[in-house]
């Protein structure tokens, strides 16, 4: 008996030491990678539904690339190019009929690290002074949510003028994401800015930056970026540790959500690197575009109703849960239209609210899917921020804001919005947006005899021993050396 107790003591001591020494990143929670799990309740084994989304991935694996004009790629006819920094070094040949000398568009998305570097290359600026214009369109035929910086790596000098554009309607209409130039005032009549000049209120502003437009090919200056993470950091902090704040803003501000959402990207190359104020008209083979890599990291948009996305027959689609269907899980399945479809919600952290579609023959009240931890963490979410380019967005603390709606101010924990004036809350929840557990306002709190929560039971001897050991580690700084039996 004494031997078994000693083994138990050693195991507890090891567990306490590991718990005391382990460090978890602040943003380890909130991945939303599980859509549902089985739990035991008073009714037996039931499903607990949660908001979920696919993992982020390299989205360049699934795109279609289109160039305009179609014959802008070099090699037909073959052409010899000179180096920008040395007009007498003219030993680079492009020939579309020879694999080793061809530079087709697909080489912008192949495996990096190959030697020599592979890249796409345009024809030279042989029609100067007519502008050398190229549109590179990346299409997914699917709604994508960006999660990392968009990064273009140039093999040539970086363009002196360029625009990055996005589409949310499969290329029918386009909006600028960012302008790039060596001189923003001259090229686009815009004051030069950087992403560091943006604030929470101006995050949606379209800026022109001069940070990525030097003409010469310096060793460490080949990339052009559209900074996604720096914009995230305006809400989540410099190291993205406060993701609860970002999720809160994305959940309740549609224009912010749409800003990071695309179906297509378009890179408009307007003027190649010249390396000088004047173009050398006697050697136009120095001027061209060449891109070795494009990085686009993101995930399928599934409206928080799926945790996986499949690529089949050259098309991406969500594997929908929560009784939803469609490429983006954007509608309820047949016979599951007991209430209007709604996107899932990131709130409350960390599980969110699934907002599942329910059978057509039952009422709208379903089992809530929120833990006490989620309710507590909701307090970390920053208040709503009015964005400068989104004046129509209702903010939570506006005197004229609606109490709820199905787009911006959703009722939480399975609640239903009634005529935009109140939330009808499920059993066990109360508050303006059904954000509070009802037992919190009852006598004895959520642990009281009438709260419906589990009663506290006297701790066992092993638990008391564990608590004593934990106190010893945390309060006295006891060394975590192996116990001697």
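Placement of Cβ uses the backbone N, Cα and C atoms for every residue, glycine included.
As annotated by TrEMBL, signal peptide applies to 1-19.
Here TrEMBL flags 48-299 as domain 'Laminin N-terminal'.
Residues or ranges marked as domain 'EGF-like' in TrEMBL: 400-435.
Of all the Cβ atoms in the protein chains shown, 26 others lie within 10 Å of the Cβ of residue 434 (disulfide bond). Taken from TrEMBL, the feature disulfide bond covers 425-434.
On the 0 to 100 pLDDT scale, the domain 'EGF-like' (400-435) averages 71 in this prediction. Sequence-distant neighbours of residue 425 (disulfide bond) (same chain, 6+ apart, CB under 8 A from its CB) are 411, 413, 415, 431, 434.
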